[in-house]
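S.K.: Before I ask anything, here is the structure I am working with.
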Amino acid sequence: MSWRVCILRWARNDIISIATRGNRFTLNTQQRCGFKKAAKETKTKKGAVEEAGPSHTEPSEGLIHKRGASQPLEPSVAYTHPRNFGRLVKPLVFTIGFTGCSFGTAAIWQYESLKSRVQSYFDEVRADWLEKLRPQKQGELRKWINQWWNSLSEGQRTVTGIIAANAVVFCCWRVPSLQRSMIKYFTSNPASKTLCFPMLLSTFSHYSFFHMAANMYVLWSFSSSIVSMLGREQFMAVYMSAGVISTMFSYVCKTASGRLGPSLGASGAIMTVLAAVCTKMPEAKLAIIFLPMYAFSAGNALKAIVAMDTAGLVLGWRYFDHAAHLGGALFGIWYIMYGHELIWKNREPLVKVWHDLRTKGPGGGGNGGSGPL
């Protein structure tokens, strides 16, 4: 689960107002000239009312103008029919293809990991022998980092890279010169000209620090459980696919309702993780960080979350992207109940093809490789 906040940020000479991971995403830029000019006297007609703010502030939603240019550089909201489902064919193909590639890559990754364990065993034995011969490296910081890393579970080590990627993207939002590219590629909008790549990239994108911190805390909390259930490789495939699938579900709901607007955040993928754990272990006890004295079962928590997001989607609540939340939760439930058997359990043909290719390569065994996995 993630929290959504509206942020009013002053960046150099720009004022940026942005709503994160909601159905509405408004970014208005107010440019200020660096040199003062003499004020011109303007004659106003009788009854005319002067506006309190600068008259050149863009009121239109999602229209970004390049400084000093008259034409918009990249409109984040395209002028298309709000219910043009034909534009969703390409994102649908991308979703199916990316999901298949994610699980295929995960299967090959797992194969390589298993194959390298035998070699790593001998490497560890040799490393222990060499460690006794060479002097120990000095440095308290290095020692502390190694101890901290070794104390983490496999799940926490796995999500560390995801958290780092989210932190890098968050810092990129702070660079004024990258704002246009960030809006184009790191926010998902069914009315945008760029539809496919933002479906994945927006999963690592957070504009608000509180938004990112809440999402990453939930991911960190459930990382040990989900990785112990699925394994490192399968978890990464599920997480990456969940980000794209939840965005596709959001595209469909936004197009059907006509309420178009950019969204961003890892909420959809994290909802998949949460739903998968709650479905697999419905009797597990959960608690809110600020109210640890109130515990509830994981099954009841999942029902409440799904009910809330369904109500938000039906009633048109616009503070959260309830469609992405609901799509991620439904994918997590489906994968634990059916997807694991349909997808992951049927990976052997692909792994066998990869094994044959590896053994036919240089030094791989010569005869076409019919050895065991």
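Glycine residues also receive a Cβ, built from the backbone N, Cα and C atoms like all the rest.
On a predicted model such as this, the values are computed, not experimentally measured, just so you know.
Per TrEMBL, the feature compositional bias 'Basic and acidic residues' maps to 38-49. Among the features that TrEMBL reports, region 'Disordered' is placed at 38-63. What TrEMBL lists as transmembrane segment is 92-111, 158-175, 195-214, 234-253, 286-307, 319-338. If you look up TrEMBL, you'll see 199-339 marked as domain 'Peptidase S54 rhomboid'.
Describe each of these features in terms of where it is and what it packs against.
M.R.: Within the same chain, residues 195-196, 199-200, 231, 233-234, 236-237, 240-241, 244-245, 248, 343-344, 347, 350-351, 354-355, 373 sit at least 6 positions outside the transmembrane segment (92-111) and bring their C-beta atoms closer than 8 Å to a C-beta of that stretch.
Looking at the domain 'Peptidase S54 rhomboid' (199-339) alone, the prediction's average pLDDT is 91.
Within its own chain, the transmembrane segment (234-253) has Cβ neighbours under 8 Å at 85, 88, 91-92, 94-95, 98-99, 102-103, 105-106, 109-110, 155, 158, 162, 188, 190, 195, 198-200, 202-203, 226-227, 263, 266-269, 271-273, 276, 313, 321, 323-328, 330-332, 335, 344, counting only residues six or more beyond its boundaries.
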S.K.: How do the residues of the domain 'Peptidase S54 rhomboid' (199-339) split into helix, strand and coil according to DSSP?
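M.R.: Split by secondary structure, the domain 'Peptidase S54 rhomboid' (199-339) comes out as 104 helix, 12 strand, 25 coil.
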S.K.: Within the same chain, where does the transmembrane segment (319-338) have neighbours whose Cβ lies under 8 angstroms from its own Cβ atoms, ignoring anything closer than 6 residues to its ends? I mean 6 or more beyond.
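M.R.: Answer is 1, 4, 21-23, 238, 241-242, 245-250, 252-254, 263, 265, 267-276, 279-280, 302, 305-306, 308-310, 312-313.
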